[in-house]
């Protein structure tokens with residue numbers, strides 16, 4: 001995370017400038033309203049509050065969200081978590097201001113339905129005028145605005161304090177900003193229920209936030225422009241967390257797990273637990289009766305859910321299928337429960353109908369099973385993760401609709417309180433341990449060894465000794481795909497009598513629509529980045545299926561659609577049946593589980609068609625939806641476990657249609673390809689590079705794009721091919737250290753010895769630039785590689801790329817993937833994603849690793865320090881061990 005003054009670890013500039021300014025300007029907007037209220041004694045109302053809320057959402061929410069996203073791409077754990085977390089805070093507070101403004105508007109005059117008019121006319125005296133309008137008071141869902149704001153601010157106060165503490169391990173500007181935000185939130189909460197003095201104190205603190213944010217932004221901007229620390233405040237922490245504690249031996253057993261993740265992005269686990277702290281805290285306040293309505297609470301929970309989806313997304317980019325699934329599942333649960341309670345707040349029905357409507361719902365049982373599935377997956381991590389998942393299972397059990405309403409909310413509130421406490425500790429431990437790159441805050445050992453867990457999971461296989469490699473068609477988001485469909489299917493399950501209960505129809509809409517359409521649309525986006533042959537075809541079509549299902553089966557009954565409208569849905573159902581038949585063909589290329597799923601969906605769509613014709617056999621539909629859910633829970637468990645271990649431990653069944661790769665079809669490919677085992681192929685790629693082409697080549701880690709240093713224009717083309725930001729430098733690749741020796745760079749003996757210990761291998765070293773690069777053969781590309789003062793050198797432990805460098809001279813290389821997407825671990829991924837832009841691809845099958853090299857900043861090695869800019873296939877712990885050993889031999 002840290003970097004030297006001379007080399008920017010931020011490949012994406014300094015997003016901290018945008019993040020801090022967003023906090024400062026948002027605080028300034030609230031400051032103006034607070035001082036005005038304290039001075040005049042009149043609180044802002046109406047349009048003034050609405051405009052303030054919109055500005056807070058745009059500046060504090062959207063702008064800071066962008067800063068957080070860039071920070072994650074910059075491999076900045078703390079800033080990524082803080083900026084996206086504060087984006088959710090300002091967005092929620094802005095939404096609350098809008099609610100305040102809307103609730104202060106004049107009552108609305110609306111026309112009365114004819115039936116109510118008739119009832120009124122029979123009870124009114126002749127001298128009373130009867131009009132077709134009535135004055136409606138403030139909407140019930142806008143009640144408890146202040147109480148909801150307090151319930152939302154309290155968890156942010158706790159989390160902001162943790163962020164302030166953690167930021168003290170990085171610099172001494174961010175602790176001031178985050179600490180001032182913490183104190184501000186305290187007095188903002190007090191100001192909602194107390195006199196104006198709290199608003200004055202809050203305004204003073206907001207002024208401090210603005211001043212610190214402006215100074216911090218100027219310091220970061222100067223650092224980004226000059227590549228050195230112009231203003232003080234960054235680069236020197238209040239206390240160095242790296243000097244605390246010792247490396248936990250328990251972390252060593254997780255090195256094998258971590259090297260399977262794409263470490264080009266910051267770890268999103270702290271952000272995921274951050275969101276798991278806010279949402280249940282708000283629900284706890286609501287469950288214990290502090291909030292009378294969830295009309296405003298739904299905005300707070302929905303916004304924090306979006307932040308949690310970002311944590312799931314960045315876990316997916318890191319190829320961390322476990323946290324992709326976990327945070328995606330939690331986001332689905334919080335979003336559904338929020339809108340479920342919102343519908344209850346908005347409904348004006350008899351308690352008996354609401355109770356019977358809830359008892360008929362069974363979708364929550366899928367969350368219970370999914371929670372147990374996560375417990376199985378967490379057996380491969382640590383005790384803290386397992387405890388957190390067990391508390392989530394307790395949480396889902398507490399919301400089983402069949403629990404009597406008298407005990408339902410008490411049970412739910414207690415479960416939310418326990419889950420909040422566990423999530424708060426998880427946030428702190430993950431953030432500190434990530435910054436320190438060692439286990440300072442205890443998280444417990446791994447509950448069960450990986451080998452024992454593998455043996456237990458393989459007990460149902462016929463050949464227990466065989467471990468089948470995970471096919472390229474399987475993706476880390478598959479488990480979330482099965483979960484979203486399973487929740488939707490089980491939620492849609494109901495008897496004939498339930499379709500006549502308006503409470504059931506209202507309550508079922510968010511369960512089916514959110515899981516089946518909204519979350520599955522997110523899964524579709526994840527599968528687009530996976531590089532699979534069929535991409536996101538199946539989840540995209542199923543988004544339309546569940547959205548149409550919700551519209552007709554639940555909303556349609558409430559809207560009382562006409563017969564003509566029903567015939568329109570009949571035509572749509574027939575179209576979906578035809579499309580799903582093609583999806584069955586696609587599934588036949590994947591595995592039997594997916595094929596069974598699409599086959600059952602075909603029968604479910606037949607039931608949907610019959611329902612549009614008023615010929616639905618409810619019992620048959622119930623059986624099919626239940627079977628669909630059972631397939632989904634097994635598919636989710638198998639996909640998650642197999643992805644965690646990168647092996648088929650739980651059977652998914654072979655594909656019925658196997659694709660045969662034929663070399664005869666090479667001319668149909670988007671670019672020329674060559675076999676790495678043939679000398680003639682290697683010479684062919686070398687010739688393309690010499691001619692100024694850009695080619696995909698294998699390395700000892702993941703596939704890379706290569707251009708000859710003799711052709712600067714080809715290096716520029718790399719940026720266009722993968723949409724790479726101009727400020728992100730490109731490294732050079734050579735075949736062996738002796739090439740460096742011949743160039744005679746002015747390296748110290750310590751640096752030479754360190755290089756000889758790490759080269760060749762999955763480590764890249766950042767060193768100072770100089771005229772020696774011309775002797776190395778980089779000459780024409782001097783200004784196109786590295787930064788102004790530094791260059792990253794790569795010596796792969798791979799025969800093919802080594803021979804290629806011997807033929808062509810130094811190559812400029814970067815990972816072969818569209819910027820921001822996962823690395824390419826097979827030549828087919830390079831061809832599918834970038835082949836139409838390349839002059840050739842050297843095919844070598846599966847890559848040796850699934851992540852890029854570890855980047856080490858050696859600019860201050862003579863001062864006895866090195867910095868891990870990016871942890872890759874070689875764990876940071878091992879790099880430091882090598883460096884310490886080298887130093888000890890040089891004394």
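Glycine too: its Cβ is placed from the backbone N, Cα and C atoms.
Curation does not apply to TrEMBL; its annotations are automatic.
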Annotated stretch (transmembrane segment, per TrEMBL) among the listed ranges 269-288, 329-348, 389-408: 269-288
Transmembrane segment per TrEMBL - which of 197-222, 223-248: 197-222
Stretch carrying transmembrane segment according to TrEMBL (options 534-554, 660-680, 681-701): 534-554
Chain residues outside the transmembrane segment (269-288) and at least six past its termini with a C-beta under 8 angstroms from it: 77, 80-81, 84-85, 88, 147-148, 150-152, 154-156, 158-159, 294, 297, 300-301, 304-305, 307-308, 310-312, 314-315, 323, 326-327, 330-331, 334, 337-338, 341, 388, 395, 409-410, 412-413, 416-417, 419-420, 423-424, 426-427, 430-431, 434
Sequence-remote partners of the transmembrane segment (12-32) [C-beta within less than 8 Å, at least six residues beyond its ends]: 52, 55-56, 59-60, 63-64, 66-71, 73-74, 76, 79, 82-83, 86-87, 90, 93, 177, 181, 184, 188, 202-203, 206-207, 209-214, 216-217, 220-221, 223-224, 725, 727-728
Long-range Cβ neighbours of the transmembrane segment (534-554) (under 8 Å; 6 or more residues past either end): 481, 484-485, 488, 492, 499, 505, 508-509, 512-513, 515-517, 520-521, 523-528, 561, 566, 569, 572-573, 576, 579-580, 583, 586-587, 589, 594, 598, 601, 605, 608, 611-612
Local confidence of the prediction over the domain 'YrdC-like' (679-874), expressed as mean pLDDT: 87
The transmembrane segment (294-315) versus listed stretches 84-104, 361-379, 566-586: most Cβ pairs under 8 Å: 84-104
Surrounding residues of the transmembrane segment (361-379) on its own chain - C-beta under 8 Å, 6+ positions past either end: 322, 325-326, 329, 333, 336, 385-386, 388-390, 392-393, 395-397, 399-401, 446-448, 453, 483, 486-488, 490-491, 493-494, 504, 507-508, 511-512, 515, 629, 632-633, 636-637, 640-641, 644
For the transmembrane segment (84-104), distant same-chain residues with Cβ under 8 A (at least six beyond the ends): 19, 22-23, 26, 30, 44-57, 59-62, 64-65, 67-69, 72, 138-139, 142, 145, 148-149, 152-153, 156, 159-160, 163, 181, 185, 271, 274-275, 278, 295-296, 299-300, 303-304, 306-307, 310-311
